Amino acid sequence: MNMFPSLMLTSLLMLTLPIITTTINTHKNSTYPYYVKNIISYAFITSLIPTMMFIHSGQEMIISNWHWMTIQTLKLSLSFKLDYFSMIFVPVALFVTWSIMEFSMWYMHSDPHITQFFKYLLMFLITMMILVTANNLFQLFIGWEGVGIMSFLLISWWYGRTDANTAALQAILYNRIGDIGFIMSMAWFLFNTNSWDLQQIFSLNYNHTDLPLMGLLLAATGKSAQFGLHPWLPSAMEGPTPVSALLHSSTMVVAGVFLLIRFHPLMENNKTVQTFTLCLGAITTLFTAICALTQNDIKKIIAFSTSSQLGLMIVTIGINQPYLAFLHICTHAFFKAMLFMCSGSIIHNLNDEQDIRKMGGLFKAMPFTSTSLIIGSLALTGMPFLTGFYSKDLIIETANTSYTNAWALLITLIATSLTAAYSTRMIFFTLLGQPRSLTLITINENNPLLMNSIKRLLIGSIFAGFFISNNIYPTTIPKTTMPHYLKLTALAVTILGFMMALELSLATYNLKLKHPSSPLKFSNLLGYFPTIFHRLPPLMGLSTSQKSASLLLDLIWLEKILPKSISQFQVKTSTLVSNQKGLIKLYFLSFLVTLTLSLLLLMPHG
């Protein structure tokens, strides 16, 4: 059984080789990206061996411990937990990153710092692997903060642009709010259980776990961009497209969902936290789907679709189905990375044009990218027998047969319908109709680096869901019966979304532009959320700070307490001590009045 951790550790160590070898300069800048890509492909093949063996062995988990240090009564160890979640996730993350690395070699070929870019992407992947294999909170926190700082460095890659720097700061600040919840939970577990090992935390199973679980939910809200802490996710599109693809598919944004899956043994009996989780996910998936409907930036549409799918995963955890949430994480990684790569191909060929209103007619000019974009969008909507269907259909069916909050489940169904609507709108504006781009643009998608990377993810977007869902626990699922209308709900709402979007697009294609309506403004301006929360609190905070500083420091301390108090004290003491009051004018006036009256009285009357 030692073979499982040994092989997984081998694949992890293989990933560190390119970072270690850069200190010796064994590879030139031109060959380094190829070296990194090959290492990741070898690590993927290596990780498949223990994964296959683990699935067929029927084991529940394998834990490897190496004692690190003891702080009084707290024992810290390097502990790796190889269970179903980590054993499946690692090959998926490696496969997707392999394709993204190959795509980056085409997309970033003219970047002068491409070696550093590949190092950052590799560190991003390594920190995510540390996070998913961690068996204690301290190790998990290292991976958690690692993906956070790497996202900051990668989003601000083009640091010459103000928008990129602002977006990176926004991402790190929103994640700081989530980290408060994580640290609070770590402190609670340390004081109440005297341990950070997951197994010991779960074995104690306290009844009053509302506070740490709400802290973990806050952490997941920040990292997985749930409603309230979501604005950083669309802003993160300021980074290069390979960063967007990696960030949204198999690394940072799913870390929050993965954290909740890890702590599900504590959540499953806590109805309060489950209700909060369900409602938060439902609001997120609907709100971000509404925002995606009117966006014109192709990358922002896909970004909002990510946030909507993350909301769906949170809903799944809220209805007590962590395995289905994990299945959706794995299936979502394939088609979401492919959608970003297709958008990157379109943007690159159209001279960095991201507005879908300035595209159109690309189906003939870019047939391979167009086909991949359509298949990816269909997989996203849950079209039968594509990868997304195997997870999304199961989630909708489970939600329909659960006895929890009906309003939250209805909202989720509406969001599922809107997914089809904004996907259809994106395809309609980007690929169909007449070309609206500049006529001088030369389009060429026949680059093997681009085509091979998208091809791999295209195969994954068609077949991966079938293979992963066949190996999900429990492997022997009892046959359930449900009415046909419940079984067909997911497909029905998806088709409804397709039809609605197509009809509206065709009906409004030749209409003149009118003044935008209130619902359009609400959707296009992201529910006024960034405007209110990015302008109002800083303004109020600055004005309050300014007033308090001027009142407390200037008026009270520097004026009233020190100078004026001393002068007033001296005036009062001088008036008490001195005989003269110093009223010269009054003295002269009284003298004049007295003199006048005396003269009037003493003058002889004629």
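The backbone N, Cα and C atoms fix where each Cβ goes, and this holds for glycine too.
When Swiss-Prot is compared with the stretches 61-80, 301-320, the one noted as transmembrane segment is 301-320. By the Cβ criterion (under 8 Å, sequence separation of 6 or more), the transmembrane segment (488-508) is in contact with the transmembrane segment (409-429), since 3+ such pairs are found.
With a cut-off of 8 Å between Cβ atoms, none of the residues of this chain six or more beyond the transmembrane segment (583-603) come close.
Beyond the transmembrane segment (273-293), the same-chain residues lying 6 or more positions past its ends with a Cβ under 8 Å from any Cβ of the stretch are 209-210, 213-214, 217, 221, 225-227, 230, 234, 260, 267, 300-301, 304-305, 307-320, 404-405, 407-409, 411-412, 414-415, 418-419, 421-422, 425, 522-523, 526-527. Counting Cβ pairs closer than 8 Å to the transmembrane segment (325-347), the top stretch among 87-107, 114-134, 171-191 is 87-107. Within the same chain, residues 8, 12, 15-16, 18-19, 22, 29, 32-33, 36, 40, 79-82, 85-86, 89-90, 93-94, 97, 100-101, 104, 108, 140, 142-144, 146-147, 150-151, 153-154, 157, 240, 242-243, 246, 250-252, 255, 258 sit at least 6 positions outside the transmembrane segment (114-134) and bring their C-beta atoms closer than 8 Å to a C-beta of that stretch.
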